[in-house]
Amino acid sequence: MKTDTPSLETPQAARLRRRQLIRQLLERDKTPLAILFMAAVVGTLVGLAAVAFDKGVAWLQNQRMGALVHTADNYPLLLTVAFLCSAVLAMFGYFLVRKYAPEAGGSGIPEIEGALEDQRPVRWWRVLPVKFFGGLGTLGGGMVLGREGPTVQIGGNIGRMVLDIFRLKGDEARHTLLATGAAAGLAAAFNAPLAGILFIIEEMRPQFRYTLISIKAVFIGVIMSTIMYRIFNHEVALIDVGKLSDAPLNTQWLYLILGIIFGIFGPIFNKWVLGMQDLLHRVHGGNITKWVLMGGAIGGLCGLLGFVAPATSGGGFNLIPIATAGNFSMGMLVFIFVARVITTLLCFSSGAPGGIFAPMLALGTVLGTAFGMVVVELFPQYHLEAGTFAIAGMGALLAASIRAPLTGIILVLEMTDNYQLILPMIITGLGATLLAQFTGGKPLYSAILARTLAKQEAEQLARSKAASASENT
C-alpha cells in the first residue's frame, strides 16, 4: 500500500521560487497599469475643468443680465448695452482663437478625431487656455453654441498634457489618453457617463482603437469626470422635463414618421452649415480684424435676441423644458425653430469656440414638439402627449446629422430621465439615421475634418512651393 509523501522542498528552494516570482512581477510591462492610473487622473482633471467652465459661463451670463437690469428704465440704452456686452465677449473669444490657436475654433471635436488619426497636432499649451477663456466669452455672451465642444476638446488636450507631463511612451498610451479625455469631456458636459463612452465608440469609431486597455481607460476617465461633476452639481438630471407618459405600441408608427422628417432635415442642415462656413469665410477673407468684427456683430445680435426673444438665443437648455411642456403655440414654435436654425448656422459656422450638440438638441425638441401638437390634434383617440415627440426628436437631429443614433438616444435618456420612452426614441433615431445615410452626404464632423485636412494640405503645399522658389533664387 502506497502512502503520499510530504513535500521535500527546502527553505532555500522556497526562497528561490519566491524571488523568481517577484522578479517576474517587477519585469512585467507596467504600461497598461500606468495608462489606467493616468486615465483616472485625466478624468478627474477634465471633470474639474468642465465644472469650472460651466460655472464660468453661468457667472458671465448672470453678470451680463445684471448689467441690463441697471438700464431697464431706458429702452434704447438697454438695447445698446445688450448688444455691446455680448459683442465684446464674443470678440474676445474670436480674437483669442484667431490670434493664438486657430484649431480651437468651432466645436473642436473634428480636431480630436484628426489627432486620433495622427493628422492634426495637439498643442495643449495653446488650446487649453484659448478654448477655455474663448469659450467663456462666446457662450457667456449668449451665442447659440453648446458647451460640449469645448469640454471635449479641452478633455482631449488634457489627456495629451498628462501624457507629456508623465512622459508615457508609445502610440497606445497617446491614443488612449486622448480618447479618454474626449469621452470624459462629453460625460461631464451633460452629466451623461454612458453617452460619453458611446460617443467614443460610435461617433469616433473610425479613429478609436478598441482594445481592452483603451476601453477600460475610457470607462475610468468617464467615471472620474462624472463624479467630479456630481460633487459640484448633485445627481439630478440635467434637464427637468418631468415624467412623461409612455407611448402605446399602436402609436409607434408616428415616431417613425418623425424620424423620416429628421432624416430629410439632417443632411440639409449639414449642407447649410458647410455653405454658411463658405459664405462667412468670403466675408472676412481670413483677415483677423474683419473676422473679429464679424464675430462681434453675430454675438451682439444674439445678445439682442436674448433680451427680445430669449428662446432664440443661448445653448437651448432653458428652452427644452418649456417647449416639452407645451407652453408655446404652433406659430411661436415655427418662429423659434426658424430663428434658431439661422442663429445656430451663424454662430457655429463662423468659427466661434463652441459646440453644436446643445443647439441641435434644442432644434430637435422644438420640431418634435410641433410634430407632436399636430399628432395630438389629428389623433385624439391615442391620448398622446406632445412632449413625448419632443423627447424622441431631441436626439433625432443629432442622429441624422452626425450619424450617431446610440449616442443621441442614451444622451437624451440620461439628460431627461425618461427611460420609458426608449422604444419610440430608438424608432425615431433609427429612421432618421437610415434615411440620412440613404440621401448621402458625410456626417457633419467628418465633413468638417475633411475640409480642415484639405486646407492643411493646401497650406503645406504652398509653403513648400515658396521654400523651393526661395532656394532657386
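Here the Cβ of each residue, glycine as well, is placed from N, Cα and C on the backbone.
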Which of these, Ser86, Ser107, does Swiss-Prot list as part of the chloride site with Ile356, Phe357, Tyr445?
Ser107
Can Pro76 and Ala386 be said to be on one side of the membrane, going by the domain names in Swiss-Prot?
yes
At the level of the C-alpha atoms, what whole-angstrom distance separates Glu203 (site 'Mediates proton transfer from the protein to the inner aqueous phase') and Ser107 (chloride binding site)?
14
Tell me whether Phe357 (chloride binding site) sits in a helix, a strand or coil according to DSSP.
helix
Around the Cβ of Ile356 (chloride binding site), the count of other Cβ atoms that are within 10 Å:
30
Binding-site residues: Phe357, Tyr445 - member with fewest neighbouring CB atoms within 10 Å:
Tyr445
Using all protein chains in view, find how many other C-beta atoms are within 10 Å of the C-beta of Ser107 (chloride binding site).
24
Should anything in the same chain at least six residues away from the topological domain 'Periplasmic' (377-386) have a Cβ under 8 Å from its Cβ atoms, list it; otherwise answer none.
244-245, 247-248, 250-251, 254, 326, 369
Can you tell me which of 77-100, 215-232, 288-309, 330-349 gets the most C-beta pairs within less than 8 Å of the transmembrane segment (253-281)?
330-349
